[in-house]
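Data first, discussion second: the structure below is written as structure tokens.
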Amino acid sequence: MRLLTCLINVLAGLTLFSQFQRAFGLTITRRGFKVQESDEEPFCALHHPNTGEYFDLSGLIRDNTSEKGDYSVNGYDFGTNFSINLCHPVVSNLTNYTVEGDVSSEDSIGGFFTVEDDDLYSIGQAAYKPYFRGKKLIMQLDNGSLCPKSNHIRMSTLISFTCNRDPYTAPSVITYVGNLNDCAFFFEWKTIHACPTVKKDSTLNPVSVFLLFCAIAFLAYFVGGFVYQRVVLNARGLRQIPNYEMWRSLFGFISDIVIILYSSILSILPSSITRMRGNRRNIDYVEDALIDDIDT
């Protein structure tokens, strides 16, 4: 019987472990368990195709909850400033503007400039995947407003990212470099987020591994014991629980301890209250005596 119970528990444990491994994508390494990673690059981040270095630009995103709003870029001799966001549509309120140039979707504009206060031109739809061209980390925004004097060519933007670790400069500096025929715009973005970093390791720490094994062992014990009690011993109800008598005795023991502690606390509280009242009476008596001495 004991051998049969052990075999059932082992089979249940192996089955549960394989289910955990498939569900969470766990792989066994020398350092422990590691979560299997997808082949796709993370959002707004990438690895260098040659060096394998990891670059994460997600820290530059300005979403609807950001108090800073879109990035404002000085246009210098272009005559107007630009508003740009990264890996997210612009968060500026565009309802007061007239979007020119037959833009397909105003909700996905990634950058724009305005003319005469109310005419808005999109310089590209929001892009979400940076990429490398040689050693240059860039992001390209396409499908903006129609270019001047064109019925099919649309405005686009090219952003070149440069690593900037200088602690004495602004954490993010965007510079307008120039444009081609008021149709293609070029910006340089200096930021520490463009520097290679280390991707967060997805290896489970020893505590997580220990807790995972404990959970699998407990489930294997419970499932295997339940099957054994029901199939072999024909148990029903609560007696299907493995080692039901042991758990019942343990629960009764814990209940007795709780009742004893509760009764002990209740027996201590009245004496403490009585002592506090006695101390208060003594204080009142001393105060009355001092007042009488002062009056005499």
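Cβ coordinates are placed from backbone N, Cα and C, and glycine is handled just like the others.
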Inset, instruction - Please work out, from what Swiss-Prot records, which of Cys163, Cys183, Cys214 forms the disulfide with Cys195. - result: Cys163
Inset, instruction - Take the Cβ of Cys44 (disulfide bond) and count every other Cβ within 10 Å, whichever protein chain it belongs to. - result: 21
Inset, instruction - With Cys44 (disulfide bond) as the reference Cα, tell me which of the recorded positions Asn96, Cys147, Cys183 is the closest one. - result: Cys183
Inset, instruction - Rank the glycosylation sites Asn64, Asn81, Asn93, Asn96, Asn143 by the number of other Cβ atoms within 10 Å of each Cβ and report the first-ranked residue. - result: Asn143
Legend entry - Of Cys87, Cys147, Cys163, Cys183 (the disulfide-bonded residues), the residue whose Cβ has the fewest other Cβ atoms within 10 Å: Cys163
